[in-house]
Amino acid sequence: MATERTFSILKPDATARNLTGAVNAVIEAAGLRIVAQRRIRMSDAQAKKFYEIHAERPFYGELVGFMTSGPVVVQVLEGENAVARYREVMGATNPAQAAEGTIRKQFAQSVGENTVHGSDSPENAALEIAQFFDDKDIVG
Ligand code: CMP
């Protein structure tokens with residue numbers, strides 16, 4: 001397995017509850033290295049672009065509204081098989097279905113306010129990373 005990068009967002013429900021450090025502790029304990037990290041306020045245009053793939057879904061407006069409702073922390077994570085590994089660590093999208101010990105089981109409040117986002121494929125990871133980071137800002 002090769003070293004890989006994935007894109008992560010700690011969502012507004014995480015920053016609102018001061019969970020940045022607690023979530024990062026789970027990420028690091030899982031063997032993923034945080035090689036870039038920035039706290040930002042996502043603009044409406046950024047959130048719409050980021051979630052473009054969900055534009056036709058009934059929850060799109062709510063999702064964009066939530067992601068712009070407070071600060072988020074955007075991150076690049078690096079490690080063996082990082083995309084799949086982070087999805088394992090996050091747990092199911094719906095916290096009610098998330099496995100014990102996962103970030104969403106521990107911290108998420110609902111399917112919308114679910115604490116973290118992680119890329120679903122290496123291809124999307126590269127696109128998502130490029131939306132928020134320059135190569136020079138990623139220090140592996
Ligand atoms: P994320 O991994 O960021 O990618 C898409 C997001 O859409 C997902 O996490 C959920 O937070 C959100 N989502 C999925 N289903 C619903 C839903 N039924 N209502 C609100 N948000 C949803």
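Quick reminder: no glycine exception, Cβ is built from N, Cα and C everywhere.
Annotations in TrEMBL come from automatic prediction, not curation.
Per TrEMBL, the candidate among ASN18, ASN24, ASN114 that belongs to the ATP site alongside LYS11, PHE59, ARG87, THR93, ARG104 is ASN114.
Among the binding-site residues LYS11, ARG87, ARG104, no residue has its Cβ under 6 Å from any atom of ligand 1.
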